[in-house]
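Taken from TrEMBL, the feature active site, proton donor covers 77, 317. Per TrEMBL, active site is recorded for 208, 346. TrEMBL lists 273-303 with the feature disulfide bond. Marked as Ca(2+) binding site by TrEMBL: 433.
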């Protein structure tokens, strides 16, 4: 973390992210993204001086009017990374400057919920306070609209202003009331009608965190609101019925996708590796449902093999699986377009849950192996970089990008995987999808 932060501090301070090969900053939101996304990691790791500098920047330089770019950006990304980061560090420190900044941002994000369905539009121009849809579709993705409720609800609890939670609850009700196929839903939805569209079902891109937040909303609200649990457990039953498959010859279990709501595709994004930890977390509150832990263990093992089977020990972005027991193909198949690694956190996140919920040291061993591969193949002279080819040990092809989530999520989950002090008990804290810890409430 010190190596990553030093590079950002040196070459991109105040900008959103670092291009770690070029050693120049890059702009996305114009809001110092890496600072806000990383500040709770700095605090958790006791990087006191670095935290102090980050806090000072947020107090003196974070400005939605003068700093934010004059263009449309993802409502979802701004919410999970920046609002989530501000709320998390407020809970950890009780420093009012973070709450003040969160309210300033939350008021602008709230504008996006002014739709007939209550579902937020996909994009927002923060500077101009203007909501908007994508240019290529009026729809939003299911993950994007279904992954903002934790943050808005928490903002209401800390600000004592119900308007944010009211928006989150209307959104949650709209999603709950839509028809589903064994709890599974397509990856697009209309903010105008509230209806799902398209025929792809995925626990990877555009679908993943919708399911993640069903369980976490149930936990956030003190396990009092059964609709969240009901929708989540129904979706897991849908996985068992439609998406859970074994690959040959090594008999790795994985979560595939549905095309046209009916045709099975043996494709799994690395993003879907979050589901292992999510199922284990659900099991920890309903331990009679032993199949949740069984599935979590199998999926974690498969996700590890996505790393271990590659020459670099790093996972590709997407894997395909051989489901024909008579085929001579390998169990895990990686296509040429999918061989990149973007420093993603989902597998490390699941290792964190699996280790602390089971105590099995194998999850720390797997994490250490992956950490060493990150160090060997993604560490640069300054910072880290995502890479183009996990199959080529001699030339991994650095992509010149150090994602803010590498500091916010991947490195945080690595740290917590090996931390034995139980900093965030699972009955007291949840992590938003950007790994920002938020408290569980009793109501």
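Every residue, even glycine, has its Cβ placed from backbone N, Cα and C.
Here the features listed in TrEMBL are placed on the structure.
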residue	record	DSSP class
77	active site, proton donor	helix
208	active site	helix
273	disulfide bond	helix
303	disulfide bond	helix
317	active site, proton donor	coil
346	active site	helix
433	Ca(2+) binding site	coil
**OP:** Sorry to bug you, but what's the C-alpha spacing from residue 346 (active site) to the residue listed as 'Ca(2+) binding site', rounded to the closest Å?
**Re:** 10
Original post:
Using a Cβ-Cβ cut-off under 8 angstroms and a sequence gap of six or more, which residues of the chain neighbour residue 346 (active site)?
Top reply: 270, 271, 272, 273, 274, 303
**OP:** Could you measure between residue 317 (active site, proton donor) and residue 208 (active site) for me? Cα positions, answer in whole angstrom.
**Re:** 14
Original post:
Between residue 208 (active site) and residue 77 (active site, proton donor), what is the CA-CA distance rounded to a whole number of Å?
Top reply: 14
Subject >> CB within-chain contacts under 8 A for residue 77 (active site, proton donor), separation at least 6 >> reply: 29
**OP:** Measure from the Cβ of residue 317 (active site, proton donor) and count the other Cβ atoms within 10 Å, all protein chains considered.
**Re:** 20
Original post:
Tell me, how many other CB atoms lie within 10 A of the CB of residue 433 (Ca(2+) binding site), whichever protein chain they belong to?
Top reply: 27
